[in-house]
Amino acid sequence: MVLDLDLFRVDKGGDPALIRETQEKRFKDPGLVDQLVKADSEWRRCRFRADNLNKLKNLCSKTIGEKMKKKEPVGDDESVPENVLSFDDLTADALANLKVSQIKKVRLLIDEAILKCDAERIKLEAERFENLREIGNLLHPSVPISNDEDVDNKVERIWGDCTVRKKYSHVDLVVMVDGFEGEKGAVVAGSRGYFLKGVLVFLEQALIQYALRTLGSRGYIPIYTPFFMRKEVMQEVAQLSQFDEELYKVIGKGSEKSDDNSYDEKYLIATSEQPIAALHRDEWLRPEDLPIKYAGLSTCFRQEVGSHGRDTRGIFRVHQFEKIEQFVYSSPHDNKSWEMFEEMITTAEEFYQSLGIPYHIVNIVSGSLNHAASKKLDLEAWFPGSGAFRELVSCSNCTDYQARRLRIRYGQTKKMMDKVEFVHMLNATMCATTRTICAILENYQTEKGITVPEKLKEFMPPGLQELIPFVKPAPIEQEPSKKQKKQHEGSKKKAAARDATLENRLQNMEVTDA
C-alpha cells in the first residue's frame, strides 16, 4: 500500500509539497516526505552510477575481446594509471592504451565498485520504502480536515427517526432472547469470547442470506475467502500498525510432510477485504472487465488493541464475527471509482433502509483515516435503547494506493513508453452480523420480544418468523439487587475495619496508661 514514487519527483511532474500538505492534513509527520525525497535522490544517483559502471565493465570485456582477436600481448602488468581509477573519465581510448592484464584489473575494480554501489542502493531502497509505506494516500477535497472525529465528523444525511428512545440496550436484549453466552464464552475463549446460540444464530444466518441475495442482484460475485494469509501477502494489504493492534498471528508447520521441521507464519484476516484485495495480485485487468464486484463472506478476527473498556459486554465489539463485504476493482479513469464509491454507500443505505434501521452518514475526518483511504463514509445506526449512534458500515475509496503494492495493473500489457496504470480499489461493509443484530434488537424491541424485520421473515424458521420472544429477565433489572448485596458486603467490611482500628487504639491507650 503505497503512493506512486513519481509523485515525489519534481522532474517527473511530481509535487512533494502537495504530499507534505496531505500529511499535515492527516496530522501525520510531514518530515517523512523530505526523508523519502532525500533517500530517493541518493538512490537514483546510486542507480545511475551502477548503470554507468556496468557499461564500463561491458566496455572492458569488449576491449579485451578486440585485443585478444588482434593477438596483442596480454602482459603481466596490473598497475593501473591514476586517471583510469576514477572511472568517471574512463573511455574506450583510455582502455585501448592499456594491456589486457591491466584492463582485467580495471574490470575487477569495477566489479568491486558495483558491489559497493549495489549494497548502498539496497540500503537506500529500504530506507525509502520505510518512509513510503507510512505516508498516506492523497485526500479527496471533500474530506473534513480535523484530528477530532468526536466533534468534527461531518453528517452528510439522516434517514429515519433518530430521536426515538426505547427501554433496553442490546446488552440486555441478547440475554432476554437467550441468544448469547458471554461468561462461558470468556472462560473458553478469553476476553470478549462468546457463544451465539438459539434464535440469534437463525437471525445471523437470515442476515447473511439476505445480504448476499441483495448484492447478488446487483452484479456482485459471492466469494468465500480464506481465513488466514501468508505474512508476505498480508504485508501488502495491511499497514504496519495493524500487525500490532489488530491482526492475530498463527504459527504452523511449513508443509504437510512429517519430516519438515520448518514453520510458517500466517495472519488471521480482520476483514475479507484483505484476501479479496490480493485475489488479483500480479495481474493485468482488462478495461472491458471492470468493474469487478465481489460480495465477500468471511469470519473476521480482530485483537481490538486500544479498545480496552469499550463495549466489553454483549456482541457489538468482539474478537470474532461474520461479515459480508462489498469489494470492487474499478477503472482509474473518468471518475469511475468515485461514481462507484457513491454507488456502494447507496447500496449499504438501501440495505439498512429495507431493514428499517434509522441511521446517519458521516464523512470521517482526515486524522482518523487509515493510510489507504482517500475518503471514508460511515453509516452509523441509531440505537434507541443505548441512545447513541453506532458504526455499522465503513465505505472507502483507496484509489490506486493498495493496487500499486499488489501490482494489480490496468490494461492488458505495458505499452512501449507508456506509464503503467493501476486499478482503483474500493471496499464497504454490507453487514457485520453481530453489530446489525444489536441494531435490530434495539429498534424492534416490544414488550413481549423482538419483531422480526419484514425482509428477514422468509429466512427465519417456522415459529420465529414474526416474533422472537423474551424468555429471560433483563440483566439490568437484576443488577440493583446485586449492587445492594455488594454495598451491604462493603458496609460490613468497612464496619469491621473501623472496629479493628478502634480496638488497636484502645490497646495503645492501655499501654500508655500503664
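From the backbone N, Cα and C atoms, a Cβ is placed for every residue, glycine too.
What Swiss-Prot annotates here:
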- MET1: N-acetylmethionine (MOD_RES)
- 9-61: region 'Interaction with tRNA' (REGION)
- SER241: phosphoserine (MOD_RES)
- THR271, ARG302, GLU325, ASN427: L-serine binding site (BINDING)
- THR429: site 'Important for serine binding' (SITE)
- 479-502: compositional bias 'Basic and acidic residues' (COMPBIAS)
- 504-514: compositional bias 'Polar residues' (COMPBIAS)
How many other Cβ atoms are found within 10 Å of the Cβ atom of THR429 (site 'Important for serine binding'), counting all protein chains shown?
25
Just give the helix, strand and coil counts over the region 'Interaction with tRNA' (9-61), going by DSSP.
44 helix, 0 strand, 9 coil
Any idea what the Cα distance is from the residue listed as 'phosphoserine' over to ASN427 (L-serine binding site), rounded to a whole Å?
19
What three-state class does DSSP give ASN427 (L-serine binding site)?
strand
Which one, from the recorded positions SER241, THR271, ARG302, GLU325, ASN427, has the smallest tally of other C-beta atoms lying within 10 Å of its C-beta?
SER241
Over all pairs within THR271, ARG302, GLU325, ASN427, the annotated L-serine binders, what is the largest Cα to Cα distance, rounded to whole Å?
18
Please report the DSSP secondary structure of GLU325 (L-serine binding site), reduced to three states.
strand
What are the other residues, in sequence order, whose C-beta lies within 8 angstroms of the center of the C-beta atoms of THR271, ARG302, GLU325, ASN427 at the L-serine site?
ILE269, ALA270, SER272, GLU273, GLN274, GLY296, CYS300, LYS323, THR429
